[in-house]
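J.: Have a look at this one before I ask anything.
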């Protein structure tokens, strides 16, 4: 199978991002920059999880557009298609098949206890989809199909990864060792970029207040305006403290964008107030995203290249996923078709 370069001595990593909206600097600083650092050390599978995106209604043409945009952002961020398996989730049917199988080894009570489901279903009433309830099982399938050793996750996904571990252990105990039980990988920096207006919440593209997030593709003037409006406090002191969540968040952003540690940032802005600090945070973000934006636009203009990447990625992913799926079916007791 040409192009499948799974090095046995390397551990495997799986992660993905939903194409359910434009990506934020939270995605970039919190996930993508860390992923790039991992690509030489691990066998990496990075997915665009479009099956997860449809747990809430999507406009079809927008979903198609954003799926390619996420792929372009992956590559523009520095994820090399030669070093990583970059693919679209729906192009590998093993994900949905494995999700059904794992559903049969997951308890309803476990899914009802998922905090994210409870939060999202509160306002949805009867319109909540079964897909949203089963979302963590599909996530388990995503991870277990590739025998991932490590999964880069934010705090909001830790509970889902715990469920993945429980499902894998349950299946292994019921039959025989089949899956690796994955561990979380949490990056040392940028693991959690918060909302600019509600700094106790994670930055999210689904936030109601557009001033709460900065998109990777936002122009410089918008970035400057959003940082200027970012919530701080009346202290006027640049200090890394849980009692100043807005300032702490801006310091995290500046630290991740520039590589400076928070101690040196505190010293640099001692006695200067927030005006210069905010200006420099905005400039640091712009310096990071402007070259990225040019690369994203360049890749989006070359649809044939993106098609080549996602087709080769799906082929490589399918090769690995189908082997795991066949093993699952055999252990469960299905008659295999080949």
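Quick reminder: no glycine exception, Cβ is built from N, Cα and C everywhere.
Take a look at what Swiss-Prot says about it:
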BINDING   18, 19, 20, 26, 27, 154, 155, 156, 193, 202, 203, 204, 205, 206  ATP binding site
BINDING   142  L-tryptophan binding site
MOTIF     19-27  motif ''HIGH' region'
MOTIF     202-206  motif ''KMSKS' region'
J.: Excluding the flanking five residues on each side, which residues at least 6 beyond the ends of the motif ''KMSKS' region' (202-206) place their CB within less than 8 Å of a CB in that stretch?
T.: 20-27, 30, 154-156, 192-196, 212-215
J.: Quickly jot the same-chain residues contacting the motif ''HIGH' region' (19-27) by Cβ under 8 Å, restricted to those at least six beyond its ends, or write none.
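T.: For the motif ''HIGH' region' (19-27), the nonlocal Cβ contacts are 48-50, 52-53, 56, 58, 63, 66-67, 69-70, 73, 193-194, 202-206, 213-217, 253, 285, 288-289.
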J.: Going by a 10 angstroms cut-off between Cβ atoms, which of the binding-site residues 18, 20, 27, 155 has the sparsest surroundings?
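T.: Each of the binding-site residues 18, 20, 27, 155 was scored by Cβ atoms within 10 Å; lowest is 155.
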J.: Helix, strand, coil residue numbers for the motif ''HIGH' region' (19-27) per DSSP?
T.: 3 helix, 1 strand, 5 coil
J.: What kind of secondary structure is residue 142 (L-tryptophan binding site) part of, going by DSSP in three states?
T.: helix
J.: List the Cα distance (Å, whole number) between residue 193 (ATP binding site) and residue 142 (L-tryptophan binding site).
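T.: The Cα atom of residue 193 (ATP binding site) is 25 Å away from the Cα atom of residue 142 (L-tryptophan binding site).
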J.: Tell me the Cβ contacts of residue 205 (ATP binding site) under 8 Å, same chain only and six or more apart in sequence, or just say none.
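T.: Long-range Cβ contacts: 20, 21, 22, 23, 24, 27, 213, 215.
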J.: Going by DSSP, is residue 193 (ATP binding site) part of a helix, a strand, or coil?
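T.: DSSP call for residue 193 (ATP binding site): coil, neither helix nor strand.
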J.: Here's one to test understanding: among the binding-site residues 18, 155, 203, whose C-alpha is closest in space to the C-alpha of residue 142 (L-tryptophan binding site)?
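T.: Comparing Cα positions, the candidate nearest residue 142 (L-tryptophan binding site) turns out to be 18.
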